[in-house]
Ligand SMILES: NC(=O)CC[C@H](N)C(=O)O
């Protein structure tokens, strides 16, 4: 079936719809990873976004449910230049089309993703809609106007506390949309993990007497999470705290820093980041649209992005508080960034 992407600025791309055939609105963003589409689709931080992959052939190793980052697909739509209909891999369980259908997410193929990426890169990310034939321009406009993503974290977070038993460090994870591989990274180190829904009261988190509180990644604008920030304030100084991505941004806001929005974000598997403490450069996986633009007092920069010099990590000068903007749990190639979890646990 024919399908279109209509951007907020009026640009129209015509292609072929696949997956679950239903109009869908979101913020259109691009990801430059060459592989890992299964992880991208299921990373809850993409909730509210339509993702286009810059790599031209997507789906060729199919989907396997061992690699997913959460229980469902969180992107609002998925755009590819060419979808592979004959995936071939010994771990493949199904093709991309079937997976999107099962998860009720629309896909669009056969559009010039390079031209789309250039528009987003030059003008910034913007809202867009993947729509099927028959939707009028007025309906499209109304749907674009009505779209907002302020409830993203509350939508993706767990509704119940979950416990993953271990004999080591007791970690309380605040689930703002946590990726499975973060939980696996703590579990691989023997941690005893309790995962709390995003709006759990601070006294309930402190109630388990954790050794470390971890603030997870998650979707949306950190400034929309005033209640969560109030809760984190109550945790500062009481326990060591670590964070990744949204967790890092929330820490900055809680401690008096500022966040801003990047023009087109960092999404991909090859962002060079310098760890200033180690004096080494690492190739990192990233997925964020916001960033810490003003550091809180008493925090110092530990990592910078070598593409645009933005802050990629920070550490408190007096308290055991440390966070990174990129995704040390992800392994777009080797597992070089895994050591960050040892640094998190060393806060204890
Ligand atoms: N991966 C994340 O946690 C993303 C954080 C935030 N939603 C952003 O886009 O910047």
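Cβ coordinates are placed from backbone N, Cα and C, and glycine is handled just like the others.
Per TrEMBL, the features are as follows:
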| type | residues | note |
| --- | --- | --- |
| ACT_SITE | 245 | active site, nucleophile |
| ACT_SITE | 327 | active site |
| ACT_SITE | 329 | active site |
| BINDING | 45, 218, 220, 246, 249, 287, 289, 290 | L-glutamine binding site |
| DOMAIN | 1-131 | domain 'Carbamoyl-phosphate synthase small subunit N-terminal' |
| REGION | 1-170 | region 'CPSase' |
Whole-number Å value of the largest CA-CA distance among 45, 218, 220, 246, 249, 287, 289, 290, listed as L-glutamine-binding: 13
For the domain 'Carbamoyl-phosphate synthase small subunit N-terminal' (1-131), the number of residues DSSP places in helix, strand and coil: 27 helix, 47 strand, 57 coil
Residues among the recorded positions 218, 327, 329 that border ligand 1 - Cβ under 6 angstroms, in sequence order: 218
Which same-chain residues, if any, lie at least 6 apart from residue 246 (L-glutamine binding site) yet have Cβ under 8 Å of it: 45, 153, 176, 177, 215, 216, 217, 218, 219, 220, 222, 288
Euclidean distance between Cα atoms of residue 327 (active site) and residue 249 (L-glutamine binding site), Å: 13
Non-site residues, in chain order, whose CB comes within 8 A of the mean position of the CB atoms of 45, 218, 220, 246, 249, 287, 289, 290 at L-glutamine: 217, 219, 221, 222, 245, 288
Which listed residue (218, 220, 289) has most other Cβ within 10 Å, given these are binding-site residues: 218
Which same-chain residues, if any, lie at least 6 apart from residue 329 (active site) yet have Cβ under 8 Å of it: 179, 181, 182, 184, 185, 244, 337, 338, 341
Collapsed DSSP category at residue 249 (L-glutamine binding site): helix
